[in-house]
Amino acid sequence: MAIKSEVRLFDTHCHFDFDAFASDFPTEISLAQQAGVERFLIPSIGPQNWQRVAQLAEQFPGAVYYALGFHPYFLQSDWHNPLARLERELSVRSEACIALGEMGLDGMIAVDAQLQEQLLIGQLAIAQSAQLPVILHSRKTHNRLLQLLKQTRFQYGGVLHAFSGSVQQAQQFIDLGFHIGVGGVITYPRANKTRQAVAVLPIESLVLETDAPDMPLSGLQGQPNHPRYLPQVLDALAQLRNEDPHQLTQQLWDNSLRVFGISEA
């Protein structure tokens, strides 16, 4: 069931600022748009790329958006007042900054867990004050992340990025006002638990993403991922849900605009 590119898609998580796209960013945008991917959200990983993601969004107003935050993988213990620095950057943000992130917890890296939690709690407080949604990263930390979200009483939702897990796990985040980021993992037949989850979760709670240049699709392992491959994720989702692809696409588009507070042009 191939899905034609006349539909509108929103890649809610792509790292267009990474080196894989540095040589010809405008061409990457053009190729993605030709495939039906009209809008893009670039999350940041830390102060080292805040300026870059803002500059990319400035080049393509109305199509490219960005988020500011601290990715757990890139945290450094010797940063001086990182949260104050984030608040300052947020105070001069453009309208294209529609979320905070990528932030979260990662149980598979050497970064100190206490530092991860400290920065996450601080970022959630900043997002709460700014009334912005957040983009969450979670690996082997779903339960602890849920605890912290409840503890902080964060109210502005966002997206649980790169979801891989059960229906029950996803529903716990949905119950807290979050959407579930659906990416290339569902193109792998072995990802049974995640495929079963996205097949039955409320469609109103799902958004699409590539995580490009990471998370390659099945059959493309070892190659950089690209936003122009997003229709293949949509195709896989439509097949798993056995739903009309065009109605599915419209709902996913609406979900993406709603979660990030974007007005339809």
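Including glycine, each Cβ sits where the backbone N, Cα and C put it.
Unlike curated records, TrEMBL annotations are generated automatically.
Positions annotated as divalent metal cation 1 binding site by TrEMBL: His13, His15, Glu102, Asp211. Around the Cβ of Glu102 (divalent metal cation 1 binding site), the number of neighbouring Cβ atoms within 10 Å comes to 29.
Among the features that TrEMBL reports, divalent metal cation 2 binding site is placed at His137, His161. Less than 8 angstroms from the CB of His161 (divalent metal cation 2 binding site) sit His13, Pro43, Gly101, Glu102, Gly104, Ile135, Leu136, His137, Ser138, Gly181, Glu209, Asp211, each of them six or more residues away in the same chain.
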Assigned conformation of His161 (divalent metal cation 2 binding site) - DSSP reduced to three states: coil
His13 (divalent metal cation 1 binding site) CB neighbourhood, other CB atoms within 10 A: 27
Helix, strand or coil at His13 (divalent metal cation 1 binding site) [DSSP, three-state]: coil
